[in-house]
Amino acid sequence: MTDRVSAGNLRVARVLYDFVNDEALPGTDIDPDSFWAGVDKVVTDLTPRNQELLRRRDELQAQIDKWHRQRVIEPLDIDAYRDFLIEIGYLLPEPEDFTITTSGVDDEITTTAGPQLVVPVLNARFALNAANARWGSLYDALYGTDVIPETDGAEKGSSYNKVRGDKVIAYARNFLDQAVPLESGSWADATGLSVEDGRLQVATADGSVGLAEPAKFAGYTGQLGSPDWSVLLVNHGLHIEILIDPQSPVGKTDRAGIKDVVLESAVTTIMDFEDSVAAVDADDKVLGYRNWLGLNKGDLSEEVSKDGKTFTRVLNADRTYTTPDGQGELTLPGRSLLFVRNVGHLMTNDAIVWSDGDEEKEVFEGIMDALFTGLTAIHGLKTGEANGPLQNSRTGSIYIVKPKMHGPDEVAFTCELFSRVEDVLGLPQGTLKIGIMDEERRTTVNLKACIKAAADRVVFINTGFLDRTGDEIHTSMEAGPMIRKGAMKNTTWIKAYEDANVDIGLAAGFKGKAQIGKGMWAMTELMADMVEQKIGQPKAGATTAWVPSPTAATLHAMHYHYVDVGAVQEELAGKKRTTIEQLLTIPLAKELAWAPEEIREEVDNNCQSILGYVVRWVAQGVGCSKVPDIHDVALMEDRATLRISSQLLANWLRHGVITEEDVRASLERMAPLVDAQNAKDAAYQPMAPNFDDSLAFLAAQDLILTGTQQPNGYTEPILHRRRREVKARAAQSN
């Protein structure tokens, strides 16, 4: 039984109430009684609106389902389909042209293109690593990944391999040649560095040369010519620091004494309360809120054990350099600028219950997140004894990513929620900025109207291929069987979706004002492939794109040196490369020509993916992790990948491509494989052979067999219910 404290119409879990009063409110000048009265009023006023938006989702889905069922044997008439969507209010009139007016936004969002990390906020170690990933060693990123092949004697090994190290150095020199070229020759020929009359000089066998663009020299640290100093360069707004120490193990092997090349990497990071976490009750939510508070105050720390040693990880300080003329100082942020991703409009959480007449109901989690992440983020706007030593925003803004919104009415509701939160917190209107995830179909086809609804708050739009595909499947569930999951990336609607997001953002004035982002690279171990392929995102006009790790951020940062995103956006300005008909093209299988073994392969792949993720989520509360696929390739999985897999199988089940028996048989085949993949985890509880005793196995089965009934195909209702059952069982056994 949850211990609760009454606050007006609210009954608040004591763990949350005490956290807010004892930890979050001190230093904000907000009176606790007035704060809780404000929370009560916001919940009372906005809950009916939230409920109505969810009813509208269900109403539209029911109308679309009915329309498709009446035409299931006919080819899709795209004109009739478009007209129908207009008639029911799904597809809205496009607004007149406008320009966003958001103000008070940090440079990391407005002018600096670079990688964006997404990390589960419930894990303090991950959160600290991500916040500190603003700067990363290129040498380490190259040496420790497959970007440098382990061939020709270049194996990683258990100790430093000079052959591999030399390949790393050569790769880094080639990078410097492209990002900050010399006026002649190559960085590979460098034998020393110096600063003369405020200019960087690079010594080579043929003499001393400067940079092709001298202004790219931004500063230095240490005493010039000393054994241990560094040079700061800048290109496309991103910094590169060359560390020089001829006495270091690596510097000894380098003709110029360079021991490392450090890149400005994760310019921004999203601390996630949503798809990458498993937060189902007050204890889970408070853990996340406390970590978010520590990140904003700058006092979050974590004991870390590595190589037999234990140390305390803390947030990095800012970095100070001497300006090129030797007379001034340049200070650069030592940490990533932090966003926080709240949950969407769907879920409730029993951290707070409220009285609706005679009935007690859980409060919508999205309303709670706006209030409590907004409150704790106040500490990131100022420094002091009560607020901590570090600052997040230098312009007085709090950045909140809002996911899974369906259309402009839901965006407008979020903006109203943010405005009400600002009133409760005593913040100026417009302090809470919004990042709009373009990951639901009704938002995609009405994106311009969605942006207009937040024109004075929006700082980011982002395509999320994974969730967007899940909604694509669920919206058109009754239209017929969908193509296989792996074929989705080559569909008409996907290209139109990615292009339209950039075009509409640029037309709304995002250049120089807000981020245009693109999605995650999920294959955490395949960094060579990432370096080869992910450059396509900045080439497409995106100022940021998601990466799964600090190492990936450093490697992806190279792409923003190779590509001038600002120039790409100028070239794309004014273009409209897609039509609404392309966006509405449903990815239906043209004919069911799959061989039985192909169907079995698809079902097994998806069942293994579902089990591999769900077993950790439900049994251990792990919301994001590297999950080996059926071929043992590690993939960064979260609820978005789960949504696709479960919805595809639900679709095939609905249209008779597979049967319930096929699903159960595949789950039973894949469970022992997943068990084996987790065998080294001492806390892991196998699903096989007692499948029906495993709540994780049953959750996976529920997600597929009842997938057509889940609201918009979301996985949270089933996951939360089963996770709560696991926690209840554990509490009873204790």
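Note: Cβ is positioned from N, Cα and C throughout, glycine not excepted.
The Cβ of ARG341 (active site, proton acceptor) lies under 8 Å from the Cβ of VAL118, ILE270, MET271, ASP272, PHE273, GLU274, ILE400, VAL401, LYS402, PRO403, GLY435, each of which sits 6+ residues away along the same chain. Under the three-state DSSP scheme, ARG341 (active site, proton acceptor) falls in the strand class. The active site, proton acceptor feature in Swiss-Prot is assigned to ARG341.
Summarising the annotation, Swiss-Prot assigns active site, proton donor to ASP638 and lists sequence analysis as the type of evidence. Long-range Cβ contacts of ASP638 (active site, proton donor) within its own chain (separation 6+, distance under 8 Å): ASP275, SER276, TYR613, GLY623, CYS624.
Annotated acetyl-CoA binding site per Swiss-Prot: VAL118, ARG125, PHE126, SER276, ARG313, PRO548, in sequence order. In the three-state DSSP reading, SER276 (acetyl-CoA binding site) counts as coil.
Annotated glyoxylate binding site per Swiss-Prot: ARG341, GLU439, GLY464, PHE465, LEU466, ASP467, in sequence order, evidence recorded as sequence analysis.
In three-state terms derived from DSSP, GLU439 (glyoxylate binding site) belongs to neither a helical nor a strand segment and is classed as coil. Taking a C-beta cut-off of under 8 angstroms and a sequence separation of 6 or more, GLU439 (glyoxylate binding site) has the following same-chain neighbours: PRO403, LYS404, ASN462, THR463, GLY464, LEU466, ASP467, ARG468, ASP471, ALA640. The Mg(2+) binding site annotation in Swiss-Prot covers GLU439, ASP467.
The cysteine sulfenic acid (-SOH) annotation in Swiss-Prot covers CYS624.
Counting neighbouring Cβ atoms within 10 Å of each of the binding-site residues (ARG125, ARG313), the lowest count belongs to ARG125. A simple way to gauge crowding: the CB of VAL118 (acetyl-CoA binding site) has 25 other CB atoms within 10 angstroms, across all the protein chains here. On the backbone, the CA of PHE465 (glyoxylate binding site) and the CA of PRO548 (acetyl-CoA binding site) stand 15 Å apart.
Among ARG341, GLU439, GLY464, PHE465, LEU466, ASP467, the residues given in the record as binding glyoxylate, the maximal Cα to Cα distance rounds to 17 Å.
Residue pairs drawn from VAL118, ARG125, PHE126, SER276, ARG313, PRO548, the listed acetyl-CoA binders, are separated by up to 22 Å at the Cα level.
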